[in-house]
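J.: Sharing a structure, written as structure tokens. Questions coming.
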Amino acid sequence: MADEKTFRIGFIVLGLFLLSLGTFLMSHDRPQVYGTFYAMGSIMVIGGVLWSMCQCYPKITFVPADSDFQGMLSPKALSLLETGLSEVKSPQPPYVRLWEEAAYDQSLPDFTHIQMKVMGYSEDPRPLLAPELKTGTSSAKEGEPHSAQTWMEAAVVVHRELDEKEGEKSRSQSSPPACSQGSAPLASFHDDLDVGSSEGRSPQPSPPDRDEAHLQVPWASRGPLDRFGDFALIDDTPISEDMGLEGQAQEEALPSKQPWSLRMKEETVQAGAEEPEQEEEDLYYGLPDSPGDPLPDKELGFEPDVQG
């Protein structure tokens with residue numbers, strides 16, 4: 001590399017010398033000589049400059065990747081590496097690998113025995129839930145050991161919502177469950193209830209005997225419960241049975257209410273006698289003149305105005 005660099009520099013310097021020599025000869029009126037020196041000098045200078053410019057760029061060489069790696073390893077290591085790579089590439093013949101893949105595919109579980117059975121609402125799924133063990137022997141050729149497979153059968157019960165017709169039939173067939181007396185039914189209003197008109201009306205509290213009569217009637221005697229059995233409509237009209245029970249309860253409660261009504265009449269008479277006295281006291285304006293008056297008229301010092 002150093003020799004090439006010095007040669008390029010000498011080539012350029014020689015071209016410059018030929019140019020200067022041609023200029024000197026041109027001053028002595030010899031055109032046939034200095035033209036030759038000018039042409040040779042210019043060619044040498046241009047060639048040297050282009051050569052130097054091409055050497056500045058890096059050279060592109062294709063070097064294999066294994067060459068550097070092979071230079072670092074010894075020949076024994078290279079031979080061992082080649083044998084190991086050959087073993088890894090083909091550990092078994094191709095037909096052996098295909099046979100192993102086929103055996104693995106056969107060892108996978110088979111899901112073809114799964115069956116689906118749609119059961120009705122009234123059917124009992126308990127017999128299907130009992131697990132059963134079954135053994136199956138795979139067909140094998142002569143001289144090969146028989147492989148036995150065991151699997152367990154289990155049933156999966158999926159509960160789906162019944163249609164309205166099926167639900168009504170099942171409710172009519174099955175007896176309605178008795179509701180607990182501790183939990184009270186929820187109350188709900190009608191959608192078309194007029195709130196403004198209900199506020200203007202005077203509140204009419206329901207008698208306590210009506211609630212007692214409702215509690216005495218068992219829930220089972222009211223017929224099969226509907227889908228919204230836990231809700232009680234406030235504006236619902238009473239049933240004929242409830243009306244009969246309410247009438248009986250009111251007839252039984254009449255003799256017990258008679259002494260209470262007499263007592264209320266006596267209290268109203270006493271209150272009416274006290275009301276006139278309170279009205280007379282309210283009409284009086286000023287301090288009352290009574291023997292217990294702390295400020296009598298004599299001590300007040302009032303004197304009548306005498307008009308003279």
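Glycine too: its Cβ is placed from the backbone N, Cα and C atoms.
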J.: From SER90, SER290, name the one Swiss-Prot lists as phosphoserine.
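T.: The phosphoserine feature in Swiss-Prot corresponds to SER290.
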J.: Express the distance between the Cα positions of CYS54 (S-palmitoyl cysteine) and SER107 (phosphoserine) as a whole number of Å.
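T.: Between the Cα atoms of CYS54 (S-palmitoyl cysteine) and SER107 (phosphoserine), the distance comes to 70 Å.
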J.: Calculate the per-residue pLDDT averaged over the topological domain 'Cytoplasmic' (54-308) and state the result as an integer.
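T.: Averaged over the topological domain 'Cytoplasmic' (54-308), the predicted model reaches a pLDDT of 57.
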J.: Which number gives the other C-beta atoms within 10 angstroms of the C-beta of SER107 (phosphoserine), all protein chains shown included?
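T.: Step by step: centre on the Cβ of SER107 (phosphoserine), count other Cβ atoms within 10 Å, giving 10.
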